[in-house]
Amino acid sequence: MCPSAANRDPGSAAHHAAKSGALRSIRGTQAERVFQKHQLPLHPVSVSFTSVWRYHCAMSLPPIRTAVRILGIDPGLRRTGWGVVDSDGNRLVFVGCGSVEPKNTLPLAERLLAIHHGLSRVLTDYAPAEAAVEQTFVNKDGAATLKLGQARGVAMLAPAMRGLLVAEYAPNLVKKTVVGAGHADKTQIQMMLKILLPKADPHSADAADALAVAITHAHHRVSAQRLKAVGG
């Protein structure tokens, strides 16, 4: 399925973008890639950043009134992707994305600690108001699924400790929301991200998936607010 076909789903973010052109990034600000090393007390962990230059420079971009900043997380032991967007109704603005990559040689407990440290840094630097985490995909390898579930637990714990609302979304729902099809592949997701968030430039599939999770939360929270308003 190509993005143009995906836009036919009236419930997807892709459809709303094609219909109204409301989903867009702030123009006139050049995307800047920032890669930094984050050191734990005992072991190093790589935390990569790709963001519009809004890093500790809130005045560099015009603020969006009543916007809600959302952190999307795609949990994984080898690489945990993260993506931050500002949402104001149907309008989305890319803020930043990257990944937390603990060393594969670390014991499980220390890798989980590294993920927590990395996400805590993202939470401090970007100050999101809400967070969303992709649910664990259950496969035939029970041990791998269990370990992924542990990484997901850490991904939920980090924002919850800051008092943030943490939503969960199934992988198929994320794909359906962003692309319009529940079985879309990663290439299709990345193609739609270029349309929905033109300034985004994720350097890993995990960071792209995390942005998709953030978009999904933005889309569904708006739908929930509208239903609540109609219901009185």
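Using the three backbone atoms N, Cα and C, a Cβ is placed for every residue, glycine included.
Curation does not apply to TrEMBL; its annotations are automatic.
The annotation region 'Disordered' is assigned in TrEMBL to 1-20.
Here TrEMBL flags 11-20 as compositional bias 'Low complexity'.
Annotated active site per TrEMBL: Asp74 (among others), in sequence order. Proximity of Asp74 (active site) to non-local residues of its own chain (separation of 6 or more, Cβ distance below 8 Å) is seen for Thr80, Gly81, Trp82, Glu134, Asp206, Ala207, Asp209, Ala210, Val213, given in sequence order.
The Mg(2+) 1 binding site annotation in TrEMBL covers Asp74, Asp206.
The number of other Cβ atoms within 10 Å of the Cβ belonging to Glu134 (active site), over all protein chains shown, comes to 25. In the three-state DSSP scheme, Glu134 (active site) is classed as strand. Among the features that TrEMBL reports, active site is placed at Glu134 (among others).
Here TrEMBL flags Glu134 as Mg(2+) 2 binding site.
As annotated by TrEMBL, active site applies to Asp206 (among others). Reduced to three states, the DSSP call for Asp206 (Mg(2+) 1 binding site) is helix.
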